[in-house]
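What TrEMBL records for 101-134, 485-518, 519-552, 553-586, 655-688 is repeat 'TPR'. TrEMBL lists 277-301, 334-373 with the feature region 'Disordered'. Annotated compositional bias 'Basic residues' per TrEMBL: 288-300, in sequence order. Look at TrEMBL and you will find 335-352 tagged as compositional bias 'Polar residues'. Residues or ranges marked as compositional bias 'Low complexity' in TrEMBL: 363-373.
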Amino acid sequence: MENLLANCVEKNLSQFMFTNAIFFCERLLAEFPSEVNLQLLARCYLSNSQAYSAYYILKGSKTPQSRYLFAFSCFKLDLLGEAETALLPSEDYVDEVPGGAAGHYLLGLVYRYAGRKNSSIEQFRMALSFDPLCWEAYRELCSLGAAEEASTVFGNSAFQRLQETFVTQRINFSEGANIDQLTDSDKASRDTSLWRTEHVPGENQQDPKIRQLGADIPPDTDRQLNTNGWDLNTPSPVISQVLDAPPPLLHKNMLRSAVEGSLMSVHGGRRIKFSEEMSAEATEGSGRRRSARIAARKKIPMSQSFGKDSYRLHLSPSESNCVPSPSSMIEKCRIQSSKEATTSGQSISDIGSSVDDEENKNPSESSPDSSSLISGISEVLNLLKILGNGHRHLLMYNCQEALLVYQKLSLKQYNTHWVLVQVGKAYFELQDYFNADSTFTLAHQKYPYALEGMDTYSTVLYHLKEEMRLGYLAQELISVDRLSPESWCAVGNCYSLRKDHDSALKMFQRAIQLNERFTYAHTLCGHEFAALEDFEGAERCYRRALSIDTRHYNAWYGLGMTYLHLEKFEFAQHQFQLALKINPRSSIIMCYYGIALHESKKNDEALNMMEKARLTDAKNPLPKYYKANILASLGDYHKAQKVLEELKECAPQESSVHALLGNIYKQLKLYDKAVLHFGTALDLNPSPSDAVKIKAYMERLVIPDELAMEENL
């Protein structure tokens with residue numbers, strides 16, 4: 001009965017029938033109370049987004065896996081202190097952080113959101129040392145600005161670590177085959193089909209919502225029944241599998257390696273293996289508890305049956321998909337050989353004997369399976385080196401270098417959603433909005449269901465003043481997922497482009513309600529408060545964004561602009577300096593930093609900063625405009641005129657350029673040219689405030705002939 005209920009629960013979890021899994025798991029725990037079944041119920045609760053339920057049933061548990069699940073529940077409930085206590089060793093449990101790489105990764109997230117940057121960096125590095133395929137740990141290090149070069153992280157040491165994992169898994173598999181080997185008569189007398197779970201197509205693919213809500217919960221090591229819910233791999237953008245039926249355009253761009261293509265056989269092999277274990281356990285005596293039988297078979301005490309290396313779990317944010325782990329690839333190689341033997345007429349006992357023969361061989365000897373595995377490890381690490389280097393350059397805002405790195409990818413990998421979004425963000429940071437638009441458009445056309453990066457895409461359309469396209473994009477995203485903060489950010493940008501700042505503010509606040517840690521939504525709220533001249537509210541939003549991510553330079557820039565409007569120029573300089581420290585290649589930040597220096601009467605430093613901004617981005621007209629403005633305020637009209645004449649060739653439709661030129665010609669007493677440029681500025685539809693200033697300049701403009709007539713009278 002216990003095994004039947006446990007198998008039913010696992011099958012329900014693999015098919016995302018979480019409420020049904022909870023129902024039967026409660027029956028299971030009532031009939032057979034044990035730590036193993038308690039952990040299974042906690043997994044069911046977490047899969048169904050009931051972290052509070054898992055929190056209460058696991059509180060006080062001291063086994064490693066229970067501590068990990070409890071810490072995960074605390075993290076979901078934002079109880080960071082309790083999560084840290086559960087993960088760290090103490091007097092009650094002096095062993096290491098439970099969960100191996102996943103445990104260190106979770107502890108790193110706890111430290112990061114608690115504002116302990118150095119501790120979080122240490123934990124993320126520990127996670128990578130445990131599992132080189134823990135991509136999310138490397139991504140977090142990139143976000144914190146502390147990542148080493150990907151060629152180092154995914155280099156020789158990572159290769160050796162994965163090889164060691166292969167040898168360990170191979171030995172464990174052989175030992176398990178010997179223990180669970182049955183005689184032909186025993187197998188003939190038992191119908192094990194009751195315990196076999198039918199493979200569901202698309203089982204390896206995870207729903208983005210479920211991954212966001214914490215459905216990727218680690219299994220206990222003693223219940224290796226359904227690998228979909230258990231042997232979760234490190235999230236990675238390498239293989240883009242999200243939906244069971246991807247659109248045709250996506251299908252032809254997906255990576256189909258030999259390793260991935262054999263995952264189905266892995267799951268099938270493991271289930272057959274479990275059937276043999278159940279049959280073997282039945283002969284030992286039905287009165288024994290399932291958990292006790294498992295511990296006895298492994299020759300270890302019950303209290304030690306949940307070791308740190310017994311499972312692998314990694315939190316799956318919405319922006320990434322799963323990559324085959326070394327363990328799944330290893331088992332694929334092992335089970336393929338068994339499957340071939342079975343199809344050729346060999347019995348299951350023959351499979352066990354073949355495993356015995358292989359056990360006597362040196363695992364390091366070259367064989368077709370081991371050589372293909374080594375080749376697979378090398379290919380995965382080489383791919384991660386390229387992706388890691390590109391991601392690191394992007395988050396260090398070396399955007400040109402990032403684009404060059406991503407161009408090294410194969411066409412199949414380059415056309416995945418994650419890579420296209422990264423390329424679009426690189427163009428966005430370079431202020432190359434046209435290329436960013438084309439890249440994001442391609443990503444959205446190929447993967448209309450993927451919402452990661454769509455907030456940045458909506459900002460690109462905002463800068464391009466594409467109101468109609470932005471409105472259409474917002475409607476599409478809302479129709480895909482109304483509970484995604486990216487969708488509401490797109491709606492907010494649409495309202496902001498229409499100058500409806502109150503409505504835009506409500507949309508951004510809705511995004512924050514859906515995800516309080518969505519940094520960009522806080523920054524966009526600050527921009528809307530600033531547009532409404534509520535600078536106190538703007539400062540509050542920017543501070544909140546920085547409390548989540550201290551390297552979010554947009555928030556530092558927003559604070560600098562706020563202080564600039566409040567005429568707190570010293571404070572503004574400090575904020576711009578911090579923003580430039582994070583993104584030293586932003587010509588816009590340099591421009592406003594130069595303005596703050598000019599307002600503080602540091603004119604030489606201001607001119608140097610404007611020149612530096614001009615050299616950084618020759619396509620940006622702002623440095624030239626503000627440099628001319630500073631020169632005009634210093635009375636150097638000829639230099640200012642020369643700069644503006646160059647700028648006029650680059651931006652002939654900018655009314656502010658013509659207005660400033662008119663003012664300079666007025667000071668040079670070239671009244672005809674002054675009137676010409678003032679008139680041109682008015683024809684280019686300036687803002688209402690600028691139009692008033694231009695008309696005032698024209699009214700004060702005195703033509704020399706009129707002045708002479710007044711003197712004669």
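From the backbone N, Cα and C atoms, a Cβ is placed for every residue, glycine too.
Same-chain residues lying 6+ beyond the ends of the repeat 'TPR' (655-688) with a Cβ under 8 Å from its Cβ atoms: 621, 625, 628-629, 632, 637-638, 640-641, 644-645, 647-648, 694-695, 697-698, 701-704. Using a Cβ-Cβ cut-off under 8 Å and counting only residues 6 or more beyond its ends in the same chain, the repeat 'TPR' (519-552) has close neighbours at 113, 115, 117, 143-145, 395, 455-456, 485, 488-489, 492-493, 496, 501-502, 504-505, 508-509, 511-512, 558-559, 561-562, 565-566, 582.
Taking Cβ pairs closer than 8 Å, the repeat 'TPR' (553-586) reaches residues 145, 397-399, 429, 519-520, 522-523, 526-527, 530, 533, 535, 538-539, 541-543, 545-546, 592-593, 595-597, 599-600, 616 in its own chain, all 6 or more past its ends. Confidence over the repeat 'TPR' (553-586), given as mean pLDDT on the 0 to 100 scale, stands at 95. Helix, strand and coil counts under DSSP for the repeat 'TPR' (101-134) come to 27 helix, 0 strand, 7 coil.
Across the repeat 'TPR' (553-586), the DSSP tally of helix, strand and coil residues reads 27 helix, 0 strand, 7 coil.
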